[in-house]
Amino acid sequence: MTITVILGAQWGDEGKGKLVDIQSREAQLCCRAAGGSNAALTGRTVSGHLIKVDGVSYSFHLLPSGLMNPNCKNFIGSGVVFHIPTFFKELKELEEKGLTAVYDRILVSDRVNVLLDMHMAVDGLEEMELGGLSHGSDALSKEKQLMKTSDEAIGTTKRGTVPSKLHGGLFLSAGFAPLQALPYMNSRGIGPCYQTSRARTGIKLTDIFHPEIFEKKVKRLADGYQKRFGELFQYDIKAELARFEEYRTTMKKYVIDGVSFMTSAQQSDTKIVIEGANALMLDVDYGSYPFVTSSSTTLAGIIGGLTLNPKNITETVGVVKAYTTRVGCGAFKTEDTEEIGTKLQEIGREWGTSTGRRRRCGWLDLVVVKYSNSINYYTSLNLTKLDVLDTFETIKIAIAYKVDGEELDSYPADLDILERAEVVYHEMPGWQTPITNAKTYDDLPKKARDYVEYIEKFVGVKIKYIGTGPEREAMIQRA
């Protein structure tokens, strides 16, 4: 039995799905532990794990990427918030693209929290409320003033763009649409679903098989939201209850005792691959709060969401993009909004799988990666999209933050300190030659190898996997 855990080490969109796909080819089981129908929640916008095979792109949001392997079982663990319509929609899309027996290779824990359309309706309304909340120190007065309008809310898993202009490199992005113009039903409802779970008013998957209990819980939630939001709360409870009449039948074959299932899997001769959703810097406790997701995206969250025995974990891989990207609001100290950022965005095709929303881009920030490693304790790293840097004459890497001339020990929690921090960069010459056809580490230009080795020396973790292009096979594995 082996267990490989694959986690995002930055703000998501690192390319985790590709390594999951490679690892899952010989796996018997691929699991999701937490998150919802977004798989790579960046700045709380939907991106998704994208796998490209023979020119065909496969997107995974709620489902594990192990469905690419016809011999691999897939499991959605108890820490996930589970939207049933999305579950069936994704299965149908994958089947239509030619994946075999997808309906027979997926199981769901009976302890997952059910994400209702009601949660989606509430998501947009809560964003308006969050737009009225201030946070941080008084030094962030400009951010506070902007955050106090509903146009500048934290941002959620819905379509649209984000605040266009804030100082200090904290919240800068390209253009924004007023929140009021965004349809609530484009929200994913992940935050509200986790809220009801923690408040002990949520709905477990087992509840849907008990019609009276289910209806009572749904009505109680709807009544609470109606009192809170009044006429702004637009939700058809009758339609939702009617849909679940069908789901009671169609979901039965997928629901299992997740604890018993994972216990048995860990006691058998099974190769297990675990697919982390989102990334460390979006973790609700250790990420760049408050611009984070609502779940634990750490190794600890994986262990809890799947009831793993930590002693059974064979490898924990941190996935690191060769530069940095982020979607939505929040700190991004190495962001470049001019020529470099635009070039990274265009060459790297940095826009969301689902939304087409463009990502903010900048140089690799090793302060972030080292901080991420201090929480997840990676045994190896996967450096992705190294080929995007092929044409750069000079490459910069952030290696420290300084405030008033003093170097910070780690990535700060205090937004005031983060805003005032100056980035210290290390410059390296680019290799200026294509690397997509490199099959081994020695095939890479020396300057590309220098870049790789500088990163692993700084972070203190070996880079075992190197992505050299978008195709499935464009991945170098080092011994």
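Every residue gets a Cβ built from N, Cα and C, even glycine.
Note that this is a predicted model, so its numbers are computed, not measured.
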Q: Among Arg357, Arg358, Arg359, indicate the single residue that TrEMBL lists for the GTP site containing Gly12, Asp13, Glu14, Gly15, Lys16, Gly17, Lys18, Lys385, Leu386, Asp387, Gly467, Thr468, Gly469.
A: Arg359
Q | DSSP-derived class (H/G/I helix, E/B strand, else coil) of Asp387 (GTP binding site) | A | helix
Q) Going by DSSP, is Arg359 (substrate binding site) part of a helix, a strand, or coil? A) coil
Q: Measure from the CA atom of Gly15 (IMP binding site) to the CA atom of Thr468 (GTP binding site) and give the result in Å, rounded to a whole number.
A: 12
Q: Compute the C-alpha separation of Arg359 (substrate binding site) from Lys385 (GTP binding site), stating it in Å without decimals.
A: 15
Q) Three-state secondary structure of Lys18 (GTP binding site) from DSSP? A) helix
Q: Please report how many Å separate the Cα atom of Asp13 (active site, proton acceptor) from that of Asp387 (GTP binding site), as a whole number.
A: 16
Q | Spatial separation of Asn278 (IMP binding site) from Glu14 (GTP binding site) - C-alpha basis, Å | A | 9
(Q) I'd like to know which of the binding-site residues Gly15, Asn278, Gly356, Arg357, Arg358 sit within 10 A of Lys385 (GTP binding site) at the Cα level. (A) Gly15
